[in-house]
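Presented below is the structure to which this report refers.
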Amino acid sequence: MSISKKIVFVTGNAKKLEEALQILGTSFPIESKKVDLPELQGDPIDISIEKCKIAAREVGGPVLVEDTCLCFNALKGLPGPYVKWFLDKLEPEGLYKLLDAWEDKSAYALCNFAFSEGPDSEPIVFAGKTDGIIVQPRGPRNFGWDPVFQPDGYKETYAEMDKSIKNTISHRTRSLQKVKEFLKSKGYENCKFE
C-alpha cells in the first residue's frame, strides 16, 4: 500500500515515545512531533478525542495522541487525567500520601491512544488498563508516577521493573496492541510512501 504521509505521534515526552516505539516496533511509519496541545479537562475518552482532533488540524495528516491517567479507587478515579498536575505539585511521595486516610490503596493505570487519519476524520480511541496498588515510592524517578504504581501480581513498581517486563503488561502496552492491530488492518504496516 502507498500512503502519502507518516503517522505523527504528537508528544514531547521522550520516555513515552521510546516506550511506544519499543511496543509498536519498526514496521509502522511513525515520527514524533511536539505540538503544544491544550491541557483539557473532562472524561478521559473525551479528552483523548478532542486532543486528537486538535492535533490532526495542526499536523494536517494522520496523528496519534496519548493521554494517561492514574486513578485511585478510594478517590473515585482521581487524580485521573489530572495526575500530571498532582505529580508536579506533590511528587511521588505526595501521590502516595493522598491515600493516607483510606485503607483502599487499589488503583488502575489507564492509557488512551487516539488515532485520526486527518483533520476531516473522526478519531478512534484505544484504551488500555492495568490494575494495581499505590505504594510508597520505589525505584528510579525518571518517568512520572511509575515509582508509586505496583501492578497486580508483581512485587515491583513500574519504576523497578525491567523495561522488557513493563512493556508486556503496562496500560500503554495494552492500548498500543490495539493500535497496532488497527494500523495493520488499515494497511499501515510496512507501507511505502508516494
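Cβ coordinates are placed from backbone N, Cα and C, and glycine is handled just like the others.
Feature annotations, courtesy of Swiss-Prot:
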BINDING   11-16, Lys51, 67-68, Lys84, 143-146, Lys166, 171-172  ITP binding site
BINDING   Glu39  Mg(2+) binding site
Chain-internal residues, separated by at least six, CB under 8 A from His171 (ITP binding site): Thr68, Tyr108, Ala109, Leu110, Cys111, Gly128, Lys129, Thr130
Secondary-structure category, per DSSP, in which His171 (ITP binding site) falls: helix
Residue among binding-site residues Lys51, Lys84 with least C-beta crowding, 10 angstrom cut-off: Lys84
Collapsed DSSP category at Thr11 (ITP binding site): coil
Glu39 (Mg(2+) binding site) versus Lys84 (ITP binding site) - Cα distance in angstrom: 10
